[in-house]
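Chemist: Okay, handing you the structure first.
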Amino acid sequence: MSDPVVEAKRDAGIRAADMVKDGMVVGLGTGSTVFFAMERLGERIRSENLHIFGVPTSNQTAMRAEEYGIPLTTLTLHPKLDLAIDGADQVDPKKRMIKGRGAAHLREKVVADAANQFVVVIDAGKEVAGLDAAVPIEVLPFAYGSVVRRLQELGGEPVMRNGVKKDGPVISDNGNYVIDCAFGAVADPAGLETAINAIPGVLGNGIFARMTEKTVVIVGGRK
Ligand SMILES: O=C(CO)[C@H](O)[C@H](O)COP(=O)(O)O
């Protein structure tokens, strides 16, 4: 029997991939929903002779792109992208979101920022009335202790993200630590995004509250 959440993710991914036009340069996010979009892009490359390039946001996405036959490029060669496709962990009615379950949010935000349009693919379970998930924060290992103290001063409860099947901290694709910091209900997502980023040693955080105008949310299974 098919899983309705998986089918919703597949539907969202396919619909996002079908927004891609010949000649586009596309940001490729990270996560199970984006991988459905990438699988579909690979099929379109073969069946329609679609010519596109992708910019991957993680090592895992780069490996999937190879598997699906999506040619890759870099932000150095293509600093402006036509669109970026990515998943999210929570999305509110104003299209503000929390990302970073996969610890790829730093590169995901860089790639989303570079794109003319940000296409977010989710299942309905990701929709929330207000953001309240712990915020993933990528941190320079040298600054870990002082960043923890600053996050506590902001009212957060920072927890080091530890590995699964690996002892000790998760090391991001960029060689840094990841802190998950709960703030309860986030009343001002844009303000909190800015306040966290202002802490020396923070490299990026998973609140995406400043690109809502160019964001399109596709909820799988819903037209
Ligand atoms: O932010 C992310 C990775 O850092 C993912 O896009 C987010 O966690 C959604 O993943 P999935 O599509 O597997 O539910």
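Note that the numbers count up from 1, one per residue, in the order the chain is shown.
Heads up, the Cβ atoms here are built off N, Cα and C, so glycines get one too.
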Chemist: Pick the one from Lys126, Lys165, Lys166 that TrEMBL also lists for the substrate site with Thr30, Gly31, Ser32, Thr33, Asp86, Gly87, Ala88, Asp89, Lys99, Gly100, Arg101, Gly102.
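Modeler: Record check against TrEMBL: substrate site with Thr30, Gly31, Ser32, Thr33, Asp86, Gly87, Ala88, Asp89, Lys99, Gly100, Arg101, Gly102, extra candidate from Lys126, Lys165, Lys166 is Lys126.
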Chemist: Between the Cα atoms of Asp86 (substrate binding site) and Glu108 (active site, proton acceptor), find the distance and write it as a whole number of Å.
Modeler: 8
Chemist: If I take the alpha carbons of Lys126 (substrate binding site) and Glu108 (active site, proton acceptor), what is the distance between them in whole Å?
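Modeler: Each residue's Cα considered, Lys126 (substrate binding site) and Glu108 (active site, proton acceptor) end up 18 Å apart.
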Chemist: I'd like the number of other C-beta atoms within 10 A of the C-beta of Lys126 (substrate binding site), please.
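Modeler: Taking every protein chain into account, the count is 24.
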Chemist: Given a separation of at least six residues and a C-beta threshold under 8 Å, show me what packs close to Lys99 (substrate binding site) in the same chain.
Modeler: Asp86, Gly87, Ala88, Asp89, His105, Glu108, Lys109, Pro136, Gly206, Phe208
